[in-house]
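> Encoded as structure tokens, here's the structure I'll be asking about.
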Amino acid sequence: MAGGMSAECPEPGPGGLQGQSPGPGRQCPPPITPTSWSLPPWRAYVAAAVLCYINLLNYMNWFIIAGVLLDIQEVFQISDNHAGLLQTVFVSCLLLSAPVFGYLGDRHSRKATMSFGILLWSGAGLSSSFISPRYSWLFFLSRGIVGTGSASYSTIAPTVLGDLFVRDQRTRVLAVFYIFIPVGSGLGYVLGSAVTMLTGNWRWALRVMPCLEAVALILLILLVPDPPRGAAETQGEGAVGGFRSSWCEDVRYLGKNWSFVWSTLGVTAMAFVTGALGFWAPKFLLEARVVHGLQPPCFQEPCSNPDSLIFGALTIMTGVIGVILGAEAARRYKKVIPGAEPLICASSLLATAPCLYLALVLAPTTLLASYVFLGLGELLLSCNWAVVADILLSVVVPRCRGTAEALQITVGHILGDAGSPYLTGLISSVLRARRPDSYLQRFRSLQQSFLCCAFVIALGGGCFLLTALYLERDETRAWQPVTGTPDSNDVDSNDLERQGLLSGAGASTEEP
């Protein structure tokens, strides 16, 4: 109908909102036509394997700099607070780009968007290995471009998995996918440190990654499909029929989704702690080793730091075990306990806080105990990665998931790990400036700057307790086969049934 001449838009089909008025002077928005789509199970698992491999490389890129941080500080002559700014620039560019990629992922080819991101971050990473010490600002800029490329993948890949699998299958696949967060982080430390030791030059660590990323790009193009949005929930029919919503309407819907809001704040607390620990823990452990007299201080590159290898191996081991334990606990208990997923997240974060505190305060006394409690804290923290992703996919309607992922990434990073490495380094530098210059005082300054992490992670546990109050309601709304803008789901289901707007209990949509 042209020019808004008709009083009502045509009904989009069974289960749709019937006879919506477009308003004066406005055209009817184009309906989302369901398209039949199917994929053999083995193809879905192959696609998931490729996405997991790329996620591994993604997180290796995040933390490879931390594995060679001492060398970078020596080459570019930067202090702790400016070194923390490296990660802050990376994460800031990631969070600024995430809403853009979330918007594109909800409306355009997700496969093409991810491919562009891989090209961007691999090219910037390779270029950064050739930057002269005179142009330290250019090195910071290159890390920002790597963060921009990484945003495309972090935002879109979970939504593709959400459209390939459903229910228990999706929980298990997400568990495997998110295992590669700690595995990739740990391998980033290991690769950076090991390549530096083998070649005597930290720059080669940044030149190895683009080769692996070229393979990832080819596999993505050849083996990963771009399923219709909501395909898993609608038995291959694609997105639930209805009208396309604007980005502002999507954001307004998500702002009313309290499970999403509180879980996002919980993820923010996790990001704050993992960002600070991931960037500074290897240096903290090295300085503890120097204080204990187990290793001499480093005066020139290459700096030998066995703690990068140890912390990397610890991150991998605790990450794999933690993600599996968290996902399996969620899969089992959500069938018998309402709101089990956020309760699992809350319990693990509240238990992480004392572990981190003990790891910090015991480091000057016994390095072994510090490692034990640090490993236990990382294990408990890792229990949440797959679970929080499953919470998001279960409480958000399919056509808004890309935007939801983007907003969660943006908020989580802007209030979390965008500032925590810089803030930790800044506090350390301020404390050190007021004390005599000694290795013990350097260590104590960094130790005390870490203490805020234990408090922040406890706040995150409280946010997940609040998530549990709203989870069942928001899950029910997300599974309602309602069309129109996402805000139309914000209606009581009994009222919808009385109005004849629900077509039945099934999630599939049929063409009229």
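Cβ from N, Cα, C; glycine included.
Just so it is clear, the model here is predicted, and its values are computed rather than measured.
According to Swiss-Prot, the protein carries these features:
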- 1-30: region 'Disordered' (REGION)
- 50-70: transmembrane segment (TRANSMEM)
- 84-104: transmembrane segment (TRANSMEM)
- 112-132: transmembrane segment (TRANSMEM)
- 145-165: transmembrane segment (TRANSMEM)
- 173-193: transmembrane segment (TRANSMEM)
- 204-224: transmembrane segment (TRANSMEM)
- 260-280: transmembrane segment (TRANSMEM)
- 309-329: transmembrane segment (TRANSMEM)
- 343-365: transmembrane segment (TRANSMEM)
- 377-397: transmembrane segment (TRANSMEM)
- 411-431: transmembrane segment (TRANSMEM)
- 450-470: transmembrane segment (TRANSMEM)
- 481-512: region 'Disordered' (REGION)
> Is the transmembrane segment (377-397) packed against any residues at least 6 beyond its ends, judged by a Cβ distance under 8 Å, and which are they?
158-159, 162, 170-171, 174-175, 177-179, 181-182, 230, 240, 253-254, 257, 259-260, 263, 266-267, 270, 273-274, 277, 314-315, 318-319, 321-323, 325-327, 329-330, 341-342, 344-345, 348-349, 351-352, 355-356, 359, 404-405, 408, 457, 467, 471, 474-475, 477-478, 486, 489
> Taking 50-70, 84-104, 145-165, 309-329, 411-431 as candidates, which has the most Cβ pairs under 8 Å with the transmembrane segment (112-132)?
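Of the candidates 50-70, 84-104, 145-165, 309-329, 411-431, 145-165 scores highest.
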> Other than its close neighbours in sequence, what residues sit by the transmembrane segment (411-431), given a CB gap under 8 Å and a spacing of at least six beyond its ends?
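Residues packing against the transmembrane segment (411-431) from afar: 79-88, 91-92, 94-95, 98, 264-265, 267-276, 278-280, 444-446, 448-450, 452-453.
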> Under a criterion of three or more Cβ pairs within a distance under 8 Å and sequence separation of at least 6, are the transmembrane segment (343-365) and the transmembrane segment (204-224) in contact?
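Stretch pair does not touch.
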> Do any residues of this chain, six or more beyond the ends of the transmembrane segment (50-70), have a C-beta under 8 angstroms from a C-beta of it, and if so which?
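Sequence-remote neighbours of the transmembrane segment (50-70) are 83, 86-87, 90, 114, 118, 121, 125, 143, 146, 150, 153-154, 157, 160-161, 176-193, 196, 202, 205-206, 209, 212-213, 216, 219-220, 223-224, 278-280, 282-283, 286, 298, 301, 303, 305, 308, 312.
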> Looking at the stretches 145-165, 173-193, 260-280, which one shares the most CB pairs under 8 Å with the transmembrane segment (309-329)?
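Per the Cβ count, the answer is 173-193.
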> Count the CB pairs under 8 A between the transmembrane segment (260-280) and each of 84-104, 145-165, 173-193, 450-470, then give me the winner.
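Checked against 84-104, 145-165, 173-193, 450-470; highest Cβ contact count belongs to 450-470.
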> Same chain, outside the transmembrane segment (173-193) by at least 6, Cβ under 8 Å from its Cβ: which residues?
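The answer is 48, 51-53, 55-68, 157-158, 161, 164-165, 202, 205, 208-209, 278, 282, 305, 308-309, 311-320, 322-324, 326-328, 378, 382, 385-386, 389-390, 393.
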